[in-house]
Amino acid sequence: MQQASIAILIILLTVAVYIAMTKLYVRFSYPVLIPVLTTTVAIILLLLAFHVSYDQYMIGGKWINSLLGPAVVALAYPLYNQRKILVKYILPIIGGVFAGLFSGMISGLLFAEVFGIDRNLILSIVPKSITTPVAIQIATGIGGVPSMTVVFVMIAGFSGVILGPKIMKWVRIRSYLGKGIAFGSASHALGTSKAFEYGELTVSMSSVSMTLCAVLGSVFGPIVVWIFHV
Amino acid sequence: MKAIRIILQIAILYAFSLIGELVHNLLHLPVSGSIVGLILMLICLTFKIVPVKIVEDGASFLLSFLPLLFIPAMTGVMNYPALFSGNGLVLLLIVVLSTIVTMVAAGIASQLLEKNANKGKENDECNKHLSQS
């Protein structure tokens, strides 16, 4: 009984903070004020201030978390709406996804090698641009540390969402298709949630890229590691 | 009435993610259950096995607060305070740099290929699609 009321309290708190932060973002619309980031920071600060552990927070948090599965399935809806455009632009989509997938995994390996990072941490960085559940599986498969991979996946998500719009402006990625594929390939589902600010075409491009990266990453992740680690 | 419809539709989406999980476990697929569920749902919508009507409201509703759903998982970063000092910052920098490389490569490659695909075809038609969204 007490568990249930704690869970409800945590859910209400999370939703309330999220709504407040969304209002703040709509009001000022600076990229750093993106609600996922501000809400996460606010909740971590609250938990630290009241000495609540992450496990205790997850008594309620797991219920919100459990909606992620159906939400990923729900991405089939914008994909279905845009199916004609997806078929028409199948080549740019596949080309963009492959470019993103390989440059992401290889640049992660190379940068980590340059900075002299431990081997198991390097392997945890490889699947960072792939959606969390799949990234965990890839990390486990290639000998990385799954819990570190989760953190790297989040950082890839945040940095893409926050820096993405500026960087795309600099390198002149102007088309909605290019933006969507960039968000989905680099920043998985978090990038896809950002893509909603650009309209349905960008959302579908982002979710199709995210899906393709998950499927292709599972296949090519181990191969890339094998090639660069002989 | 609308609330009940949305809840029922989310239940359908939930069922697909559970079926995806089941298929994932049975066939030992390297791809996660929810991604399998997404692909199954897309196949069912395309072949009209599932009419769009019975998922569209639930899907739109769920997707309208997608960022909220990431927050519990994101909050897990609090268990890794070392990440924000010393060696952790180097890892952070590597991931951020590599993410930027990924983004630029994916965006530029797809934009170039898109321009190629549009060449010779009726550009008007495509522009119409773009401006609609």
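Using the three backbone atoms N, Cα and C, a Cβ is placed for every residue, glycine included.
According to TrEMBL, the transmembrane segment annotation covers A:6-25, A:32-51, A:89-115, A:135-164, A:176-196, A:208-228.
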Quick one: do the transmembrane segment (A:32-51) and the transmembrane segment (A:6-25) have at least 3 Cβ pairs under 8 Å, skipping pairs fewer than 6 apart in sequence?
yes
Hey, which of A:135-164, A:176-196, A:208-228 has the most Cβ-Cβ pairs under 8 Å against the transmembrane segment (A:89-115)?
A:208-228
Which stretch from A:6-25, A:135-164, A:176-196 shares the most C-beta pairs under 8 Å with the transmembrane segment (A:208-228)?
A:176-196
